[in-house]
Structures are given as C-alpha cells and as structure tokens.
Amino acid sequence: MDIYDLSSAAYKKARRQYLKTTKNRNEDLDAEWTPFRAAEKKYKARFPPPDLSHVLDLTSVTYDAETLASGRIFYCNGVEIKLLETNESTSSGVGKAFTVPRVPGLVILPSFVSPQDQRRLVRWALRDHARHPNETNLDAHYILPEEGLWNAHLSSDAPLVRTRACNPELSNTKSGNSGPRQLVSNTPADPANFQSMLHSPKPLPAPSPTVSPASPTTLISKLRWANIGWSYHWGSKQYDFTKGKGHVDSEIGAICKRAVSSVNWKEVFGQSDEEGWSDEHWRSWHETYEPDAGIVNYYQIKDTLMAHVDRSEVCATSPLVSISLGNAAIFLIGGLTRDVEPTAILLRSGDVVIMSGPACRRAYHGVPRILEDTLPEHFSLKLDGEGLSSWTSYELYMRTTRININVRQVFPKGFDPGLQVEN
C-alpha cells in the first residue's frame, strides 16, 4: 500500500492532513482512552500508518513437527495461538483451525471458503439478498426498486429511487424520533427477560426529510447492511419478532453448520470451567446449532465498526459465524469490558471466524480498518464455467469493498419463545 512508502504522494498527503488536524490537539487526550479505544485509534489512523507487525496474520504462520508434538501452541506476530485438530483435512492451509487462548471460544478458520464460493456469495449478497423482503439500511429513507437495488444499478435505464419523505402514503407509519441517533446500551437478552423484551416498543425509524431521489448507482455505494432471518431492530438493539422470521439462505446455513462441525470443540472448551453456559452446551453443537438470524455488512474502504457487544440473542453462548469476503480487514476482540486490551487479527477473503461460549460471545469487538488494495486476485480472474463479462460489475464494486456475512442462533435449543409466526 502506498501509505507505507515514505516517498509516495499518499504518505505525504496523509502527513500534511495529520499535522493540520492535530495542531491544536490536547496532548493528554489519549491518556483518557481505554485500551480498546487506543487500539481502535491506532489502527484507524491514516497517519502515521499503523504498524501491522503485532497483528495476527495466519497466512504467515509456520510450524513444524516439533511444534505440533509440543501441544500445538505457538506464537504468531507476538500472539499466542493454538492449532486445533479439525474434522476437515485438505491442503494449502484450508481445513486448519486456530484458537487464541486469551479469548476463550474464539476460533479462526483461514481460507475456509473457496475462491469459487466467495464469488458466489458476493453475487448472493448483492443480487439476491439486498432486496425485499430483507430489510436494508436504505429502506427507512428510500422506496427501493422491487427487483433489488443491485439489479436496478445494472440496468441502463433505471429511474431515480424515490424517497419516503416525499411519498407520505408509502412512508413508514408510527415512526420513531427523527432527531440525532442516540447511543443505546441494551440489557443482555436471556430466557428470564425475553417476554418483557418481546413486548417492548420498537418504533420504525423516521425517514430523513433531507435526502433526495437518487440513482441506484449512487445508492449502491451507500448500502451498509441487509438483514438475515429474524428482524433486528437497530433503535432498541433487540429483535422485532412481530415481523416474523425471515429467510435464511440454505447455502449460508450450510457453510455455517459445516464450519461449526469442523471444529473439535472438546479441544476448545474441554478444560474450561467457565460459568454462563446455562442449559446450552458445546457438546451438542454438532446437532443443535441452527442459525436463524444475521446481518450482511457492506463496508467501503473508509468504513469502521466501533467496539460493541452482541447482547440481543437469548442464546448467549452458541456460535456466531462470520464470513469475510473481498478486501482484508483488521478485527479487534477484547474482553467483557473496554479495559481489556484487544487482540488484533487480520481477516482475509474466505476466512471464517467463530465467536462462541460465554466469554467470547459477550466480548467487545470491532473493525477499525479495511485495508485498501487487498482484493484477492481470484476476484479479477475468469473462473471455469463463468463468463468474465457477467462478473465485471461485481469485481469493480469489490475493489473498494469488504462484505461480511455474520450469522447466529437467537434461541437455545428447546427454548419455546411462544411466538405465533410463519417461517
């Protein structure tokens, strides 16, 4: 990347901007940051460019027979990791699984998704999924085309997309506050408080009165998320079960189940005496894990995902499976508070991360940076059985994009939420 070349125009521009913006900055400001916030600032910074030498990059892992014989625990870029035995065995690193002992329940499967499947998932995320009836971040403000925003974007004569504020009869009713967004610290969901959360108000977001009609091509760069399965209510950080359960694509479900089934969970939790498991346990995941909700995130190069905790699922321990596609990203994961220094992990296209167990599922995590110019070569090559021209629009979009598909299980096996909904 040019930013790391001290003689490059990109480096010099970033330096000038840094000096300008920090000229009057309080030198003691960073002393108030928590360890997690300090890490976010470090990797988000455009200048100086972040030092990646302490970022766990599993593509650089090397180990020999002696390492394996010693218990498979070793270090990579200063981070302690453990190589797990898996139920999948292939070459070139595919089929390997690693844990990070300081984050119990975190499992990383490098290159788990093949190049062909990565491209198929990109098509699904853009063409098939980001459309009605799956909610997106744009639905609150725009009346999106029935054929889907991506398909309209590919059309040469697509009309402008109308706004909801200019069409009151098609606008959301009983909307919430249209003022500035408020930070919400939600109570962790569990079987005991589920009924109160089920009946708490979840007003629809108010359409913005300031947005203007726009072309599908303009809006596709503003697409940030699309819902999977149970509908997530961003205003309350709870699920809105009154909308019923949305569809979970069978291929997505199959990849997530295959990832969970490939892990030897006894190696991950067999020696653990963690509290917080309640009635749900890792020993049965091969049979009981059933993904029923999730989000597709569409990151542009300068986007970030700040530190947060997933507290909305009643099942607080079952695996959350996260699939990375496109440009690489730095992923931070810490502990139960922001005062725990996070581990930085480089996630590349095709990598799968599994967050599981009571400590990991309630750990603070985030994505402070997408690394530009890291799109894998297989996104620009013609693959067997696929016409290159049909892929070109996807490849152009993915040059500046990272797509993340993360899927989880809302209810523990055997829990009856008492919902009268249709699947």
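Glycine is no exception: its Cβ is also placed from the backbone N, Cα and C atoms.
For 168-215, the entry in TrEMBL reads region 'Disordered'.
Per TrEMBL, the feature compositional bias 'Polar residues' maps to 169-198.
When pLDDT values are averaged over the domain 'Fe2OG dioxygenase' (290-411), the model yields 93. Residues annotated as domain 'Fe2OG dioxygenase' in TrEMBL: 290-411.
Shown in sequence order, Leu320, Met355, Arg361, Arg362, Arg408 are the residues of the chain, 6+ apart in sequence, with a C-beta less than 8 angstroms from the C-beta of Asp310 (Fe cation binding site). Per TrEMBL, the feature Fe cation binding site maps to His308, Asp310, His365.
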Chain-internal residues, separated by at least six, CB under 8 A from His308 (Fe cation binding site): Tyr364, His365, Gly366
8 Å Cβ shell about His308, Asp310, His365 centroid, Fe cation site members excluded: Ala307, Val309, Ala363, Tyr364, Gly366
